[in-house]
């Protein structure tokens, strides 16, 4: 029981990270119908930016207290957003109106470019970071087993919820969100109503990248080790989450992320840590076969 | 509205139409590969009037519309929007969203609402630019800044005005895709009007409407004209066209065959021939 509770806590905090990345996939898919395979690497870049920010702040002697962590988060979000914007501008926009596979291939190319860029500029070695937020509270004790709810897990859950709440307001209540949904449903019509669709798409990438930056920063703080390759696995898992939740659906992405996080954690806890990725990707295969529109996805309606 | 926008006539069109034109189409040609859908068409739509474009199926009416609203880039020719007190804008070659910002709105033959959004949201999307300008690109809205609620209130007010003009006020919060057909047609017009256009282009607004709905539509279009928006419409329903149009432009096989008042067009043998599909000789005999 205590063991399961611990897994639940771990699974939710991991699922939140996947959910944040999955939102980026699903938003981009929704608006331009393309899977941005470089999104996982945007997540990886954000973790590196956060690490560099932590190191610079530590050198300046400023790295202490919650304000410093918030500052790291904001720096990472801002710079990663710039990467997201550039990615769209350089690799996807010139291919708009080209055949459907072109931006997809471009995305895979950008993924490789970003990985190698970080590998060359930051080195291939694993980068460790000592825990900035140690400790936690003891939720429950069962014999020798202690259920820990660590501060960093609380931080992940709290930050994610706040970020997702702001994001939800942005999408549902603001003109920008309305424009994004309009572009999603009929981009040319949106343009005819005076919406600058190119700018709306750019902003979608910017928002997706900054959500990935939240995930990247939280990942760094929680796991403390990053390398140039983390984006691949995290990206593919978040993509699985987006598909499971129903690609194109924002609540679906968060739900899918949580489910993937929980499935992976419980699988590791009760079956085999080595095969946890098998579990996650089996979900992808099963979803694609039996539930191609995902849990909350809408049925594709052929436009006539 | 009726005053000419400049003392000095800018083009031949202005001299012919002292009232001032809103839209000038000059030598417009649109080719798709070997097919010439619109061939050297020139006409003018006048300010504050309803201009109808009619013609048999495949005459090039929708292609003409798609050129005016930026869906297609014309092969040659010019489309100019003349706004009061401003230099004319060349619409050909502007990207779609700039055409809308210049003051041209359109509706579609096959309705293109945002089906997943509510009727009200559809109308708010149309006011996007105004709202974005007021909110600092949405950031202000998230932060709850003061200018945003005011702008949003005004936008909702305008939306409500058009919802009530189109008798859709009670359906404001229903998804647009769930509205009945006739209501969707009206909502599309309401949405176009929410962009506050100087020229409204309607592609077969009466298609699929029953006689009572057509009647209401005609009234709505006249109301819109009375509020100072010029209209350009493609229509098959001759009852509606003859009743409300100030001027009728007739296309056949991509060419302009008449540009006159409804009564003149009705009596024009070339127009009758085009619609009945008969040769000129038969027409003379008849």
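Here the Cβ of each residue, glycine as well, is placed from N, Cα and C on the backbone.
Here is what TrEMBL records for this protein:
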TRANSMEM  A:12-35  transmembrane segment
TRANSMEM  A:42-62  transmembrane segment
TRANSMEM  A:68-87  transmembrane segment
TRANSMEM  A:151-171  transmembrane segment
TRANSMEM  A:201-222  transmembrane segment
TRANSMEM  A:279-297  transmembrane segment
Against the transmembrane segment (A:68-87), which of these stretches has the most C-beta pairs under 8 Å: A:12-35, A:201-222, A:279-297? A:201-222
Non-local residues, at least 6 beyond the ends, that sit with Cβ under 8 Å of the transmembrane segment (A:42-62): 21, 24, 68, 71-73, 75-77, 79-80, 83-84, 87, 114-115, 118, 122, 127, 129, 132, 208-209, 212-213, 215-217, 219-221, 226, 228-231, 234-235, 238
Same-chain residues near the transmembrane segment (A:279-297), Cβ under 8 Å, at least 6 residues beyond its ends: 236-237, 239-240, 242-249, 251-252, 255-256, 259-260, 263-264, 267, 271
In the same chain, who gets a Cβ under 8 Å from the transmembrane segment (A:201-222) while lying at least 6 residues past its ends? 13, 16-18, 20-21, 23-25, 27-28, 31-32, 36, 39, 42-47, 49-51, 54, 69, 72-73, 76-81, 83-85, 87-89, 93, 129, 131-133, 152-153, 155-156, 159-160, 163, 167, 170, 176, 180, 183, 230, 234
